[in-house]
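In TrEMBL this protein carries:
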ACT_SITE  SER158  active site, charge relay system
ACT_SITE  ASP236  active site, charge relay system
ACT_SITE  HIS269  active site, charge relay system
Amino acid sequence: MTNKPVQSLTVKKVSEQKCFDGWHRQYSHWSETLNCEMRFAVYLPPHVDDGEDVPVLYWLSGLTCTDENFMQKAGAMRLASDLGMAIVAPDTSPRGEGVPDDPEGQYDLGLGAGFYVNATQEPWSQHYRMYDYVVEELPALVEKHFPVCEKRSISGHSMGGHGAIMIALRNPESFCSVSAFSPICHPTDCPWGHKAFGAYLGDDQSAWKAYDSVELLKRSNVSNPLPILVDQGDADGFLAEQLKPESLLQASAEKGYPLSLRMQSGYDHSYFFIASFIEDHLHFHAEHLRG
Ligand SMILES: N[C@@H](CCC(=O)N[C@@H](CS)C(=O)NCC(=O)O)C(=O)O
């Protein structure tokens, strides 16, 4: 049994490294939303040591990741330090004893595969509420414990790219900009989405649409659109079957919603691709966070 702490919204520092004059830290905390102990990572630029409140970029990772993949592989911290931007990277699912996993042990359901939705089906619904965690609990924790201002942007990769675009389209007032690498653009129309949404949300596919970026874009308000930047490698092995950026592009064209989709020649699905373009994304967000 997990020991549930009496006080919510408390955090415990579990690691700390100085990096480009700022700090990379990991924190653990009890999540009321996910009903388990969680860990997240934060990069704080040197500006916070001078008493400045900084804007935050939330980063959502893909299948199999934890809070560590982005921080260790993307190479984002040098520029985040220069730009005075904090980065917060949560885990990709609830974790720990009593949290169910895919009965078949596959990587694309259960642990490491929360898909940023609120599960409604057994056995998932007690813990798999990553939508509420990212939209509500995590920002509340971050804004309570770190010297950040209320300016937020969001980005992510693959399953996390789906999470970033979907969450931003559902909460446009909460973010200044959104970007994604290789996002799962249309989860209601690909095998990863069918497997996860079927398990977490049930067989009624009308319930899936609330978490599908293409469906959300079709229904979005274009009068004040959020800036969206998407990078996609054309040598990505998941592109045709799972990612479907052409569906997002078509919805944005039909709706008249501005979207910048850049196809990048020769790049695959890995963090080598993310590392190659992360600085463009940080500059993009910095521009909109400043505005
Ligand atoms: N090839 C992986 C598929 C999962 C995958 O490619 N995960 C991506 C996100 S969808 C990732 O970022 N992996 C971790 C890493 O590269 O550090 C597998 O079969 O386990």
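Note that Cβ sites are derived from N, Cα and C of the backbone, with glycine treated the same way.
Note that the structure is predicted; figures quoted are calculated from it, not measured.
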Around the Cβ of HIS269 (active site, charge relay system), how many other Cβ atoms lie within 10 Å? Please give the count over every shown protein chain.
21
According to DSSP, collapsed to three classes, what secondary structure does ASP236 (active site, charge relay system) have?
coil
